[in-house]
Amino acid sequence: MRRVLRFIVGTFAVIGLLVVVGMIGAIWGFSALHDKVEPALPKKMVLTLDLESKIHETASSDPFAMLSGKREYVLRELVQALDAAARDPQVVGLFATIGQTQLSMAEAQEIRAAIGRFKESGKQAVLFAESMGELGNGTLAVYVASAFGKVWLQPSGDVGLTGFAAESPFLRGTLDMLGIQPQVVARKEYKTAPETFTEKRYSPAQAETLNGLLDSWSDQVITGIAESRKMPTEKVRALFGKGPFLAAEALAAGLVDHLGYRDEAWSAAAFDTKIKKVDLAAYGARQPKASGTKVAVITGSGTIVRGDEEGPFGAEQGFHAGTIAQAFRDAVEDPAVKAIILRIDSPGGSYVASDTIWNEVRRARAAGKPVVASMGGAAASGGYFVAMGADRIVAQPGTITGSIGVFSGKAVLTEFWQKLGVSWDELHRGDNATMWSTNSAFSPQALERVNAMMDHIYADFTHKAADGRKIAKDKIEPVARGRVWSGADAKTVGLVDVLGGWTTTFEQVREVAGLERDAPLKLVAFPEPKKPWEMLGKVLGGGLVGDESTRAMAKIARIIAPVAEQMEILDPQAGSLRMPVRP
């Protein structure tokens, strides 16, 4: 029997080994093949851009992603590629598509600005849409489309310029029926996130915040479309929210330039049939490696949590304070790094984790490494906490900003359990041992402790915000209280220094680092992104199965990884000069 078991285990181990070797070989082979498909950029090309694709803050480290062959865009790389293309005589134009976009307001503004700079170079920027919305909200698609020189719409399509809306579910009635009582302590009245559970409709404070955000976004879109399309602002304001417009109506209103199909849009652009199409991401990947002053780029995206990043697929798994803090320490210890960009796209998270990152920003500045915070779609609550200590804060007009406040609480399930016929008993030592239990409401002494914690956190948040932004203590309170601002309004009240995106961030970096206005920057990600085979080894060694064969496969993957890396070094992309560097 033991021999049979050994044979079975051995067979599966061999199969596992073959799978690992095959996966690593496939990943490396696919990558190498991908590089060899087009070893050099053509002498003349039209760049293509699919604006319906998801655009990320950082590249995915998923070792299986490249096997799918699906193109992904990274926002910073997309912007840099467009700026490089504007200067490149080999690029004759840009042909983009859009439809149901997944962009945030800030991302839309970043791309609009980059398209505008490309168009100013005198090159054609053509956009084709089968439909902008199609039974959905196409407002941001129309906003982005307006930046292009020529906009084509399929005759069967529509233009969903329907405006912006805020809709929120309120669960208080449901919780009451279930016998669940939410207990929440917030600082202060504009910290309305928990109202989903405590209210049945928008509170006056929440309605005020959302109306302010909707007003700001609407004005930005109306002004942007009017300027780009060279239309009177009042005409666009009259059109805003009146969609969706049929294709002929959109043409008559001046929202699109031509009606036709994709092939007609391409032909009308008069691109030479011999000119090759190159995806913008592929074009950007083949640009020469930047040289110049080394600048660390540290990206935090998602909910801020304590500890290190443990997921197998990179930074997009969350905004981990331990990983970000170590990245700051590494950047500070690198003598070649002259400045740090902290890129943020986060709705907030743990106060303690946010404070950990805030401290690393402070330490970096004290060590002589200036920090510029660049805010993406959102930098709210903890997301703003980590930014407020930087030398400069850059945000898009549409960035969700601020929310200087805090809340905590729990759901009390006493009545819920009674309805189910479930009874609980407990024994404890210490008056507050059960304060976080969902089986009872906060006692007076426990509630006093929760209030003390919330007061302390709010005082710390506002004090650090006032110091970081150089705002008097009595002046910070009116802009705090948990209120969310658009980036444009945040600049007005002093929470943001400059409006703009990546290009503006680079300008601010040069300024705070004492560099020339056009000094080249060498942007380096901290921490260094892992190779796909490194992530594969992490997946296999992550203890998901926990048996000996899995650990053996993980060990084999780690052994093979250096070999695969050497194979990549010995087979570089065309036109590059690389040498293997080993200690």
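Count begins at 1; order follows the chain as displayed.
Glycine too: its Cβ is placed from the backbone N, Cα and C atoms.
Marked as transmembrane segment by TrEMBL: 7-30.
Annotation source TrEMBL lists domain 'Peptidase S49' at 120-274 (among others).
According to TrEMBL, the active site, proton donor/acceptor annotation covers Lys191. Long-range Cβ contacts of Lys191 (active site, proton donor/acceptor) within its own chain (separation 6+, distance under 8 Å): Ser403, Gly405, Val406, Phe407, Arg481, Gly482.
Residues or ranges marked as domain 'Peptidase S49' in TrEMBL: 364-515 (among others).
When secondary structure is read from DSSP and collapsed to three states, Ser381 (active site, nucleophile) falls in the coil class. Annotated active site, nucleophile per TrEMBL: Ser381, in sequence order.
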Inset, instruction - Enumerate same-chain residues with a sequence separation of six or more from Ser381 (active site, nucleophile) and a Cβ-Cβ distance below 8 A; give 'none' if the list is empty. - result: Pro347, Gly348, Gly349, Ser403, Ile404, Gly405, Val406
